[in-house]
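Since the structure comes first, as structure tokens, the remarks are kept for the end.
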Amino acid sequence: MSKIVKVLGREIIDSRGNPTVEAEVHLEGGFVGMAAAPSGASTGSREALELRDGDKSRFLGKGVLKALAAVNGPIADALVGKDAKDQATIDQIMIDLDGTENKSNFGANAILAVSLANAKAAAAAKGMPLYEHIAELNGTPGVFSMPLPMMNIINGGEHADNNVDIQEFMIQPVGAKTLKEAVRMGAEVFHNLAKVLKSKGYNTAVGDEGGFAPNLKSNAEALEVIAEAVAAAGYKLGTDITLAMDCAASEFYDAEKKEYNLKGEGRIFTSNGFSDFLEELTEKFPIVSIEDGLDESDWEGFAYQTEKLGKKIQIVGDDLFVTNTKILKRGIDNGIANSILIKFNQIGSLTETLAAIKMAKDAGYTAVISHRSGETEDATIADLAVGTAAGQIKTGSMSRSDRVAKYNQLIRIEEALGSRAPFNGLKEVKGQA
């Protein structure tokens, strides 16, 4: 009953008003899976390729008709008749057909949408929720946990039209006992942050990921206003709520001068100097996780940063590792960072995503499941986080339904699993157990 009878793709719109690929996989017995590919703004140079048409007369060149042609043509032809339950084979067929290292022939957006739709169809055929099917594919059947959210409540960098250089300032509701309580705490801090910003005369428009995007005097001020909001919500910073940052430092790195330029506050740093600056912030605020704290190619600098901060906090590689096992292995072998950010579309298939999570966990690294800044209502990452017991998730703030869809799916899953999916809070963060 899990034989594929039809594969089709369509062009839909993401949260930034750009087209993306949505795929459907139909099986015998009437089972259907549907999934959409997300899209990033600050992308790592080694990510799998997102195929765009480049035809300026349609969607300003961002159309995905070429990727759709791959889904509806060679991919569909190759997958019809195959068993959807054999995810690794389905993914390998598409990877081999594409024939490139970075999926540039069909596009990672085409392959990923079909890969995820296939997993959903197989779960339906097995009569089980997606998270349960993912746990089986992961070789960890019946092992679940609810992830600690990193909620991006102030947006800067490439995710906002403001003067804040650091891309994400996040809160983690570590004092919560359940995912549902964590969501409530996050929402309360978010609403109090709006009041704090308004009281200071700051704008409360939101960025791509639903966080506020004000012009601030400095990056440190972002942490200061969040601290005020936490207190106003009746919570204790460092006990109930901890902080995390995504610097996305590649976006303000000058490769020629080998300098990190925080234009918003008029400061320029060397590689080690920027790591020292981050260390100062961790001494002033309870920051327990820093992502992409240096440029993706600054491996020497990351070695220094990991040595300096890695015993105390979580050092997450996003653009650094791009969910790629070959690059992650190099990081593990050289003691670079201690955590990986997991984004489906950086690598382009579910099977390869699961391999990256496994490699990280086997090496004692944590894995943080993540959305992209361009999202849809597709909430597959919620099931991925629970089904792999990853322990942490980044899926934006408490506004924009493209973000909230993931939190709502997590609430539903927690309700269904009950005590089978513990919420471990701060213990999930590297260096905090």
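Quick reminder: no glycine exception, Cβ is built from N, Cα and C everywhere.
Per Swiss-Prot, these features apply:
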type: BINDING; residues: GLN167, LYS343, ARG372, SER373, LYS394; note: (2R)-2-phosphoglycerate binding site
type: ACT_SITE; residues: GLU209; note: active site, proton donor
type: BINDING; residues: ASP246, GLU291, ASP318; note: Mg(2+) binding site
type: ACT_SITE; residues: LYS343; note: active site, proton acceptor
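Counting every protein chain shown, the Cβ of GLU291 (Mg(2+) binding site) has 28 other Cβ atoms within 10 Å.
For the recorded Mg(2+) site, residues ASP246, GLU291, ASP318 set the reference point as the centre of their Cβ atoms, and the other residues of that chain within 8 Å of it by Cβ are GLN167, GLU168, MET245, CYS247, ALA248, ILE290, ASP292, VAL316, GLY317, ASP319, LEU341, SER370, LYS394. Highest Cβ count within 10 Å among the recorded positions GLU209, ASP246, ASP318: GLU209. The local packing around GLN167 ((2R)-2-phosphoglycerate binding site), expressed as other Cβ atoms within 10 Å of its Cβ over all shown chains, amounts to 28. Here the Cα atom of ARG372 ((2R)-2-phosphoglycerate binding site) is found 8 Å from that of GLU209 (active site, proton donor). Restricting the binding-site residues ASP246, GLU291, ASP318, SER373 to those with a CA within 10 Å of the CA of GLU209 (active site, proton donor) leaves SER373, listed by sequence position. A 10 Å radius around the C-alpha of LYS343 ((2R)-2-phosphoglycerate binding site) takes in these binding-site residues out of ASP246, GLU291, ASP318, in sequence order: ASP318. The full span of the recorded (2R)-2-phosphoglycerate binding residues, GLN167, LYS343, ARG372, SER373, LYS394, taken as their largest Cα to Cα distance, is 17 Å. Cα to Cα, LYS394 ((2R)-2-phosphoglycerate binding site) and ASP246 (Mg(2+) binding site) are separated by 10 Å. The CA atom of GLU291 (Mg(2+) binding site) is located 10 Å away from the CA atom of GLN167 ((2R)-2-phosphoglycerate binding site). Cα separation, ASP318 (Mg(2+) binding site) to GLN167 ((2R)-2-phosphoglycerate binding site), rounded: 13 Å.
In this structure, the binding-site residues LYS343, ARG372, LYS394 were compared by how many other Cβ atoms lie within 10 Å of their Cβ, and the smallest count belongs to LYS343. Here ASP246 (Mg(2+) binding site) is positioned 13 angstrom away from SER373 ((2R)-2-phosphoglycerate binding site), judged by their C-alpha atoms.
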